[in-house]
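Have a look at the structure below, then the notes.
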Amino acid sequence: MPLRRLSIQWKITLLAGLCLLAIVALLVATSLTQAHRSAALVNQANTAMLEDSARQRLQAHAETQALRIQRYFMDAYQYGNGFARLVQVLKDRGGSDLRAELTRQARASLAGNPDVIGLYLVFQPNALDQQDSHYLGQDAMGSNESGRFSLYWSQPSPGTLELEAMPETMLGDTSIGSNGAAKNRWLTCPQDTARTCMLEPYLDEVNGRQVLMTSIALPLLEHGKVVGVVGLDIGLANLQQLSVNGRRDLFDGQGQVSIATAAGLLAGNSRDDSVLGKPMDKSVADGLLRVAHPFTPIPDTAPWQVVLELPESVLQAPAVALNQRLDAHNQNANLTSLLIGLGTAIAGLLLVWLTARGVTRPILAVAARLEDIASGEGDLTRRLDYAHQDELGQLTGWFNRFLDKLQPVIAQVKGSLQEARNTADQSAAIASQTSDGMQQQHREIEQVATAANEMSATALDVAHNASQAAQAARAADQASQEGLQLVDSTRQGIDRLAAGMNTAMDEARALEDRSGQIGSVLEVIRTIAEQTNLLALNAAIEAARAGEAGRGFAVVADEVRGLAQRTQVSVEEIRQVIEGLQQGTQDVVGAMHAGQRQAQDSAARMEQALPALQRIGEAVAVISDMNLQIASAAEEQSAVAEEVNRNVAGIRDVTESLAGQADESARISQALNRLANQQQALMEQFRV
């Protein structure tokens, strides 16, 4: 191996350097991993924090826009509410010029508020002064064709006012307008709900152009009942301008501001004013963030919404820029860590190399001393000198003690080599004599091995014959057991047969009794037939005496007598059959008695045969056990003979081996003699 060929200095340097590099690499990798994780956590936290800050900024901007819009509507609401109170005061005061006063006050109020497009005041029929019939068609008094007060002042442009009395057709127009509600919703909503209503934005023509507007309608209540409606039309162009201005303030105009009504219609859109009055698209495009802030334009109305939309890329731009700066800083820090780790590893390798050199320098000095001893003709009187008490000092000390022990041993070996040479000569002579004795012993063991083989063959024959006899005895034992089972089964069958014959005898006796009963019945029938015959004969005689009058009766009497005679004949035949049946039954009963006695005798003989068969089985089992013992003994004798044969063969092999070893011992003795001479020459090289 290349590693084995390296010096200790390089091995220490290499292994320690690898460990140092592994530790430095592990520390640097751990530092880089932790830095990467920290950077990821910081990036995630920064992104979340900046996104949250941006969302809060969007929410705050939406609240600001909502407050501006709410203030715009609240100004109009306060204006309408104030005018409604004025109308209520004027109505309560009354007077013949009430309609003219209301018309003048409405004009003055509208002229003072140029942002309002129109102001209207509508009373229920005869709800103002109970004089609608006196003002038919008087538009200047705000009365329509039915005399109903339905005043409408419009302001197409600031300072330009136009008076109109709304006709009944307009007040009752329920057709659907552009905002999806009835055109007279401005009137019916406060009447039906008795609450302030704000209509969905709708388009109306003002000075020849379509203007998006809405209406705020307030009910006039009297004793809890709606008697009229005050309303004002507000243009929503200011809302569009608010949305455009809000977009400029939203991330340098990169977002979008929309104002949506309660029904989802657009009242303002900073991107496209052509969609005003149309439903807002509720779907959000990918990569776009939408924030909606609800607000109530005026009290007691459905909430509107200020909807802000901003691309997520714009929202995340500060976080992305910060993350990029952090990534650049982390890369520089990682590069610095790598350079520091590399410099540390190089410095550590240099220190390890110097340390290894300091450790191996004394070892090289000791090796040089050992080389000097080895090359100095085996002088065992020289010793190593090393003054330090470190591991190398222990090595030199123990080596000197080893030489202290080795020097007298070598001296003794040199003195005993001559004695070893003489002993080797004597060993050669003894080995030759041992070889001759081994040859004689080998011939005698050959004869013993032949006799052991013959005895082993005889023992095998005996074991084989005994095994066959044991098998035959086992077969006989099995046959006797089967015979015993058959005899027992036969005995049980005979017992069942005897029981069946007893039952049959009882039934035969019962049959014989029933046959006797049948004979008695037949005897009664025969007697009845004889009496019937006599009665029929007497009847025939009486009929003959009667002449023609008894001829029919004579015919019947003849028929009855014939039937009685046939009955007697049939009864006689049945009696003969019954007597034959009774005789057969008696014969069967006698045969059954004989069979029963024979079955009982057979069962008794079977009972006697069972013990004999059991004794035969026991004797056969004893014979089988003895044969098995004989076979086992013969097998053991054969095994012993085989063992003796193997032992004799082993002794023969050992004898042959000993003979060969004796010859080999003689040769070894001669070789020992030569080796002793060589060792003597070698020992002469050491100086003790």
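Note that Cβ sites are derived from N, Cα and C of the backbone, with glycine treated the same way.
Feature annotations, courtesy of Swiss-Prot:
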type: BINDING; residues: TYR202, LEU203, ASP204, ASP233; note: putrescine binding site
type: DOMAIN; residues: 50-284; note: domain 'Cache'
type: DOMAIN; residues: 357-411; note: domain 'HAMP'
type: DOMAIN; residues: 416-652; note: domain 'Methyl-accepting transducer'
type: TRANSMEM; residues: 12-32; note: transmembrane segment
type: TRANSMEM; residues: 335-355; note: transmembrane segment
Chain-mates of TYR202, LEU203, ASP204, ASP233 with C-beta within 8 Å of site centroid, putrescine: SER178, PRO201, VAL211, LEU212, MET213, THR214, SER215
Most distant Cα pair in Å, residues TYR202, LEU203, ASP204, ASP233 binding putrescine: 11
Least Cβ-crowded entry, counting other Cβ within 10 Å, from the binding-site residues listed as ASP204, ASP233: ASP204
Mean of the pLDDT scores, which run from 0 to 100, over the domain 'HAMP' (357-411): 71
All-chain count of other Cβ atoms within 10 Å of TYR202 (putrescine binding site): 22
Around the Cβ of LEU203 (putrescine binding site), the count of other Cβ atoms that are within 10 Å: 15
